[in-house]
Amino acid sequence: MTKLSRRVLEMEESVTLATSARAKTLKAQGRDVLELSLGQPDFVTPKNIQEAAMKSIRDGRASFYTIASGLPELKDAISQYFEKFYGYSVERKQIVVGTGAKFILYALFAAVINPKDEVIIPTPFWVSYADQIKMNDGVPVFIRTSEENHFKATVEQLEAARTNKTKMIVLNSPSNPTGMIYSKKELEAIGNWAVKHDILILSDDIYGRLVYNGARFTPISTISQPICQQTIVINGVSKTYSMTGWRVGYAVGDPEIIGAMSKIVSQTTSNLTTAAQYAAIEALIGNQDTVEVMRQAFEERLNTIYPLLAKVPGFHVVKPEGAFYFFPNVKKAMEMKGYTDVTEFTTALLEETGVALVTGAGFGAPENVRLSYATDMVTLKEAINRIQAFMEK
């Protein structure tokens, strides 16, 4: 008899973390590795945010538990943030804070999914959605988007996938891994469809502040009151404020669902690290100048690297509008190098050149790879040179 649960045996390892682990192993062996696999900014957390955490340690506030669902002061900061960037305010009972947006997503699925409930996920999708749904006995239902439609789902596709078991749809705009952004018109159509059929909307807004070249991010929760009431917003401070190591995520939405998520937090992790909560308060309502500095740096990298990547033999890439990833189709590149599997292709690239990319298979796109441009320009240019040489070899 196996010692492990069915749930764990059916679970896949995160492809992004697995790729990063292999890259770190090669680095430890002395290899020259260029890691473009992890989705984290290369900037140090801004000093004002660091100081807020250190102050809470020095004055003793960080020494103790807080309310499991988050400091009241942090919930108030999130409400202020929503007033400023979303245009509406939320009450404390509509907010739960937890150990990273990834865990908050898990808590949401645990709070609303019953066995065999279906959750519609447009592909490509962020790697953890599907496994978290399955871990909670739900059924992920994938709808394949097209490059021609900029990797965005349509109401017609959603309706074709809908059954009497459909509980929720997942929207991630700007998208990881594609960088696409839904327009207000597209979101309105999807939101009205969800309201009509009483389907919950999970809106993963983690990259909402990172948009480029005049693109605009519209949160679906701002479209109308009925759509807002149907939506649970997932967000955090990791990407916008370069705080991936602080593990601060939160959800905003229906008080009943948020209350259920708060119960799950109280029985699993308890409160988020107290010092990190004080840091998050400063991030959300403190000086925002560094956000624009980082956004401009990402935009410069995007605009510099995109034409170089587009020239790599066998790589076909759509220019992203947000987040910090390229997601090229490498079907021709695989054919040119004699590979039929994208994971074999990325493995060979890593072993031969030291460039770590993420296979698209884990994102539901077996002909694509993901490259993060959340690293310095020198590294990015050298990585493209190595990929070019690999393809021309």
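Note that Cβ sites are derived from N, Cα and C of the backbone, with glycine treated the same way.
Per Swiss-Prot, the L-asparagine site holds GLY39, TRP126, ASN176; the candidate it also names there, chosen from ARG370, ARG386, is ARG370. When the recorded positions LYS239, ARG370 are compared by the number of other C-beta atoms lying within 10 angstroms of their own C-beta, LYS239 comes out lowest.
Largest CA to CA distance in the L-asparagine binding set (GLY39, TRP126, ASN176, ARG370): 11 Å, whole number. The 10 Å shell around the Cβ of GLY39 (L-asparagine binding site) contains 22 further Cβ atoms across the protein chains shown. Calculated from their C-alpha atoms, the gap between ARG370 (L-asparagine binding site) and LYS239 (N6-(pyridoxal phosphate)lysine) amounts to 17 Å. According to DSSP, LYS239 (N6-(pyridoxal phosphate)lysine) is assigned to coil rather than to any helix or strand.
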